[in-house]
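Quick look at what Swiss-Prot annotates:
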- 1-14: signal peptide (SIGNAL)
- Asn35: N-linked glycosylation site (CARBOHYD)
- Asn78: N-linked glycosylation site (CARBOHYD)
- Asn101: N-linked glycosylation site (CARBOHYD)
- Asn110: N-linked glycosylation site (CARBOHYD)
- Asn169: N-linked glycosylation site (CARBOHYD)
- Asn218: N-linked glycosylation site (CARBOHYD)
- Asn465: N-linked glycosylation site (CARBOHYD)
- Asn490: N-linked glycosylation site (CARBOHYD)
- Ser613: active site, charge relay system (ACT_SITE)
- Asn665: N-linked glycosylation site (CARBOHYD)
- Asp690: active site, charge relay system (ACT_SITE)
- His725: active site, charge relay system (ACT_SITE)
Amino acid sequence: MKWSILLLVGCAAAIDVPRQPYAPTGSGKKRLTFNETVVKRAISPSAISVEWISTSEDGDYVYQDQDGSLKIQSIVTNNTQTLVPADKVPEDAYSYWIHPNLSSVLWATNYTKQYRHSYFADYFIQDVQSMNLRPLAPDQSGDIQYAQWSPTGDAIAFVRGNDVFVWTNASTSQITNDGGPDLFNGVPDWIYEEEILGDRFALWFSPDGAYLAFLRFNETGVPTFTVPYYMDNEEIAPPYPRELELRYPKVSQTNPTVELNLLELRTGERTPVPIDAFDAKELIIGEVAWLTEKHDVVAVKAFNRVQDRQKVVAVDVASLRTKTINERDGTDGWLDNLLSMAYIGPIGESKEEYYIDISDQSGWAHLWLFPVAGGEPIALTKGEWEVTAILSIDKPRQLVYFLSTKHHSTERHLYSVSWKTMEITPLVDDTVPAVWSASFSSQGGYYILSYRGPDVPYQDLYAINSTAPLRTITSNAAVLDGLKEYTLPNITYFELALPSGETLNVMQRLPVKFSSKKKYPVLFTPYGGPGAQEVSKAWQALDFKAYIASDPELEYITWTVDNRGTGYKGRAFRCQVTSRLGELEAADQVFAAQQAAKLPYVDADHIAIWGWSYGGYLTGKVIETDSGAFSLGVQTAPVSDWRFYDSMYTERYMKTLESNAAGYNASAIRKVAGYKNVRGGVLIQHGTGDDNVHFQNAAALVDTLVGAGVTPEKLQVQWFTDSDHGIRYHGGNVFLYRQLSKRLYEEKKRKEKGEAHQWSKKSVL
């Protein structure tokens with residue numbers, strides 16, 4: 001069947017934006033304080049997230065009211081009925097999932113956090129007629145890792161002790177019995193949760209509920225990293241710290257192996273399915289998706305170890321035969337795991353079935369239709385812009401709703417594209433700078449349109465094919481009123497042109513009561529990691545950056561610069577950092593600082609840089625350049641040597657240590673001259689309980705600096721006992737920002753040739 005690749009742009013009327021195309025500056029006189037921005041945010045917009053449900057009427061959803069009760073509401077009529085009264089909600093309820101026919105509720109209680117996404121809990125099933133509760137497992141003790149209704153509601157798959165179980169009204173069946181510290185069934189291990197799946201589950205029901213696909217991870221041979229907890233949530237420290245033994249593969253170390261399993265629920269038969277796309281020791285499974293309306297085909301997106309080759313392997317469930325239906329070579333950089341595969345079915349008059357996915361095979365991330373049986377894909381979108389998310393697939397109307405950077409890489413506008421006509425239609429006025437998102441009802445007839453900035457966010461309800469809102473869901477009127485009392489920093493956006501001709505997105509925040517006749521210190525606030533984005537026209541929280549631009553004793557300008565390697569500007573822009581992390585990113589931040597220093601309102605002698613995580617690493621690489629462009633560096637929870645970080649993230653960008661030894665050496669922070677010469681010194685902050693970027697990074701860096709003779713005048717170090725990567729344990733977060741405020745104040749007041757202790761004037765042998 002022949003398809004035209006001509007992509008039409010629809011001319012239908014789009015929704016107007018009842019907000020200003022820039023961030024608010026307030027209309028009052030009050031300045032934001034530290035307590036209002038860091039300790040407890042005084043002004044913060046809210047938004048609702050609804051769980052759409054399938055009933056006889058489109059537009060119904062379930063939500064938990066402020067009193068704790070569960071209610072069903074028609075978003076169209078606003079009629080509400082109570083599903084579970086507040087006094088019948090289980091004590092200590094953490095989350096809930098509704099049975100497909102609304103007859104029961106699955107509750108999670110007794111929550112205990114594990115890693116970024118995962119947690120342990122008890123689970124209860126509540127009948128909404130009788131309100132009776134029964135435990136999912138009679139002997140549960142806050143140890144269930146995950147639970148999920150089947151699409152038909154006649155079963156619950158859950159994971160306990162790293163084993164998969166299936167509950168039905170009649171009984172509970174244990175599907176696997178080899179789960180343990182090194183074997184994970186149906187849930188990811190640490191590295192798959194953190195770097196690949198980005199979630200706490202690794203099991204998927206078929207659309208008809210007849211089969212369950214799940215992944216099995218084997219950590220045998222994966223090296224262990226020990227994280228000590230000195231206080232361990234006690235008021236008085238125990239004599240010996242608790243030690244977390246975490247299987248954490250670092251660069252070129254053994255990775256967990258992964259295996260696909262299929263379970264037929266009717267018979268209880270479980271079958272391992274070999275995925276031979278790559279050698280078992282090299283194989284990474286990034287995504288599992290059912291490409292069928294029933295249970296005929298399940299597909300896995302497989303990557304090689306360094307994630308620059310990809311194969312989509314389809315499994316015929318009846319025969320268990322496998323077939324590679326799509327393959328990519330991304331050895332010019334890396335291939336992102338976007339978790340966006342979804343079944344479409346036949347299109348047009350053809351009986352051939354398709355699935356949709358986001359791919360940057362054209363050099364820009366776009367929507368493509370791929371044949372389930374394999375073959376040439378069809379481009380649904382194209383151009384020098386990128387699709388950032390698929391929001392909804394409306395099969396009856398043959399439409400895909402998506403977000404993209406079509407207007408600018410710092411913006412997100414909402415569009416639909418028809419796979420029948422190939423016509424792209426904006427749902428909002430995409431000529432107005434903004435960031436949008438949307439949530440579509442179960443039958444696709446309505447959607448909540450969320451405006452996310454740069455002005456104060458709001459949410460309206462729309463019917464499809466209408467540009468008039470049915471009603472406002474969230475107005476954030478209190479925020480609008482609150483801003484009338486304050487005067488806020490002024491946020492602007494612009495681009496810097498590199499000598500290469502490429503451009504960098506910049507977000508500038510000017511202090512309250514800014515005067516072009518004064519000179520202000522500047523704080524750069526980069527993240528800068530591969531594929532990331534900080535410069536966005538979304539609402540900018542009134543946080544620490546707003547505070548330092550408001551406090552009359554600080555009055556810092558802030559610059560946030562998205563360097564080369566960051567996201568949403570095409571594959572070539574992001575992939576040029578491959579195998580040499582830290583080089584181009586640091587060069588771009590230095591270039592931006594040099595441009596800032598030329599501005600008449602910038603105090604060129606006081607330009608600081610502060611970053612967290614990858615931003616902390618980038619800050620170190622900037623200081624290492626010894627450029628003189630920056631006068632102070634603050635590194636929070638930084639990587640200092642990529643050999644210390646996990647394999648699946650690091651090797652995606654740096655490849656293996658064996659193949660790129662020179663690149664790893666160059667990317668590590670080891671040159672000390674910049675640390676000795678930076679005029680205002682460096683502050684390094686890190687949590688000792690960081691299970692992501694280990695404290696080892698800061699410890700090794702500090703030892704390198706001290707051993708090379710960096711003086712106490714130039715180096716300050718702060719650890720946070722038992723804090724993880726977010727640094728919040730026992731008030732660590734507030735302390736961190738107070739310390740940062742103090743250093744910025746000292747830097748602003750620092751004289752270029754001040755008095756110093758005699759130790760700093762001579763070498764110490």
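Glycine is no exception: its Cβ is also placed from the backbone N, Cα and C atoms.
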Cα-Cα distance linking Asn78 (N-linked glycosylation site) and His725 (active site, charge relay system), given in Å to the nearest integer: 42
Ser613 (active site, charge relay system) versus Asp690 (active site, charge relay system) - Cα distance in angstrom: 11
Integer Å distance between the CA atoms belonging to Asn110 (N-linked glycosylation site) and Ser613 (active site, charge relay system): 31
Count of other CB atoms lying within 10 Å of the CB belonging to His725 (active site, charge relay system): 18
Proximal but sequence-remote residues of the same chain as Asn169 (N-linked glycosylation site) (Cβ under 8 Å, at least 6 apart): Asp154
Rounded Cα-Cα span from Asn35 (N-linked glycosylation site) to Asn110 (N-linked glycosylation site), Å: 32
Inter-residue C-alpha distance, Asn35 (N-linked glycosylation site) and Asn490 (N-linked glycosylation site) (nearest angstrom): 20
C-beta crowding around Asn218 (N-linked glycosylation site), within 10 angstroms: 16
In three-state DSSP terms, the structure that Asn665 (N-linked glycosylation site) belongs to: helix
For Asn218 (N-linked glycosylation site), the one of Asn101, Asn465, Asn490, Asn665 that lies nearest, given that the glycosylation sites are compared by Cα: Asn665
Asn665 (N-linked glycosylation site) CB neighbourhood, other CB atoms within 10 A: 12
Cβ atoms near Asn490 (N-linked glycosylation site) (within 10 Å, other residues, all chains): 17
Candidate nearest Asn465 (N-linked glycosylation site) in space, where candidates are the glycosylation sites Asn78, Asn101, Asn490 and distance is Cα-Cα: Asn78
Alpha-carbon distance [Asn78 (N-linked glycosylation site); Asn490 (N-linked glycosylation site)] in Å: 39
Number of Cβ atoms other than its own within 10 Å, given for Asp690 (active site, charge relay system): 23
Rounded distance in angstrom between the Cα atoms of Asn101 (N-linked glycosylation site) and Asn78 (N-linked glycosylation site): 21
Neighbour tally for Asn465 (N-linked glycosylation site), based on other Cβ positions within 10 Å of its Cβ: 11
Those glycosylation sites listed as Asn35, Asn78, Asn101, Asn110, and which of them has the most Cβ atoms within 10 Å of its own Cβ: Asn110
